[in-house]
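Trainee: Annotations per TrEMBL:
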TRANSMEM  20-45  transmembrane segment
TRANSMEM  66-84  transmembrane segment
TRANSMEM  144-165  transmembrane segment
TRANSMEM  270-288  transmembrane segment
TRANSMEM  294-312  transmembrane segment
TRANSMEM  350-373  transmembrane segment
TRANSMEM  393-414  transmembrane segment
Amino acid sequence: MEGGGAGGEVDADALEYTPTWIVAGVCSLIVTISLAAERCLHYLGKTLKRKHQKALFEALLKVKEELMLLGFISLLMTVSQDVIQRTCIPPSWTNYLLPCKKMEEHSVAALGGRRLLPRNAPRSDHCRNKGKVPLLSLEALHQLHIFIFVLAITHVIFSVLTMVLGGAKIRQWKQWETEIHKNNAGNGPKKLTNVQQFEFIRERFNGVGMESTVLSWMHSFVKQFYASVTKSDYATMRLGFIMTHCRGNPKFGFHRYMVRALEADFKKVVGIRWYLWIFVVIFMLLNVNGWHTYFWISFLPLILLLAVGTKLEHVIAQLAHDVAEKHSAIEGDLVVNPSDEHFWCGKPRVILYLIHFILFQNAFEIALFFWILTTYGFNSCIMDHVPFIVPRLVIGVVIQLLCSYSTLPLYAIVAQMGTFFNKEIFDEHIQQGLVGWAQKARMRTELSKDAAAAAAAGPTRHGASSRLEMLRRAAAMMQCRRSLPR
């Protein structure tokens, strides 16, 4: 019997020879599950909007974007599988950079009956007849397909888990905020206090000179593992922020603002940026038999996490050092001076990018382990030896716990010690008002341009920019006065 198959052969497992009740049943099941998942995300988004959780709602939109990207990747891999199968290369090319040593023969039974994108692959004869091999086998393409999905889902889950655990730690600081407001209820007379008597200075200041700098870095490294943020740290940095940006309202809801700023940063962390996909490709390229690449790479996020935690702790130490160097005694409360100069490259956002990479790399390690475990088994050569597996799992757990309970809460408060405040200091309606005003001012400026007023265009733009900055600062002061603790 002949049909439309390659070489006149008929594939009995093709869709045209599959019972319709099977096709309809499987299709219904897949569509039902997909619609249920979509409805769950939809109702979750409505709940977040109803509770005015704009930042978390935008993070959910980011997750939907990632799912859409995964769907496009899946479609692209499925559509291009024929092209990949017909791309032939010499067999000798497949002997380089192998994750496992080649065996003499691989039977279908030895593959354990793994699923393929299409069950049969008569197109593989196209390269075999030429004495060559396909660029990528259908099974390898299917396994790569599954790994990309596992990696993306694992990254989202780990990011959400980090945010939940870190948020629980940050919510414990709410009682400090409440106590500070109670203590500030009655403002007594200001007294002169030796700077060394402040608890913040005693915990963070290590003297002056090169030796004190080394001790300060060592102390910052150790401090991230226990009591990374104390009550005196919180109270001092809170006061420094308020005196810099909200001087008119000592009862400004700093804790609420800090949580809102962290939620806004979360929507950036939960996504997978293009440069992270580049790292995935590089890591997969270096997974060569005998190199133990994934074992050595597992130390990279741990080293970066320790460096980030040390730097955040050292920023607090620098704030204490600046005050102790300039003053021997202080009248009233201790006030630190926030500045971007304390951060790498003068940009607090660099810390966020590093945390993003750390979470993604850790998710990559965990996703890779479980993917190999379910696909090839624990004793597979690609899994590597047990002495290399156990440390990777331990490091992954340590990174997750340390980032959740220490680094993320540290970042939440220390990131506010920059020169500028975040837009989350405004309520949503004020943010929208500022954006609308700026757009209208820009439109008026553009409409006022003509040939006769070309020389006056520069001052006009400068005036609009100045008015925008004045309105922004005025709105910030209004928001500070209105942002009482809840």
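Quick reminder: no glycine exception, Cβ is built from N, Cα and C everywhere.
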Trainee: Taking the transmembrane segment (144-165) as reference, which of 20-45, 270-288, 350-373, 393-414 has the most Cβ pairs under 8 angstroms?
Mentor: 350-373
Trainee: Are the transmembrane segment (294-312) and the transmembrane segment (20-45) close enough to be called in contact, which here means at least 3 C-beta pairs under 8 A that are separated by 6 or more residues?
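Mentor: Checked: the transmembrane segment (294-312) vs the transmembrane segment (20-45), no contact.
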Trainee: So which residues does the transmembrane segment (20-45) touch in its own chain, when a touch means Cβ under 8 Å and the partner is 6 or more beyond its ends?
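Mentor: Distant Cβ neighbours of the transmembrane segment (20-45) are 57, 60-61, 63-64.
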Trainee: Other than its close neighbours in sequence, what residues sit by the transmembrane segment (270-288), given a CB gap under 8 Å and a spacing of at least six beyond its ends?
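Mentor: Beyond its ends, the transmembrane segment (270-288) has Cβ neighbours at 59, 62-63, 65-66, 69, 97-99, 151-152, 155-156, 159-160, 163, 294, 297, 356-357, 360-361, 364, 382.
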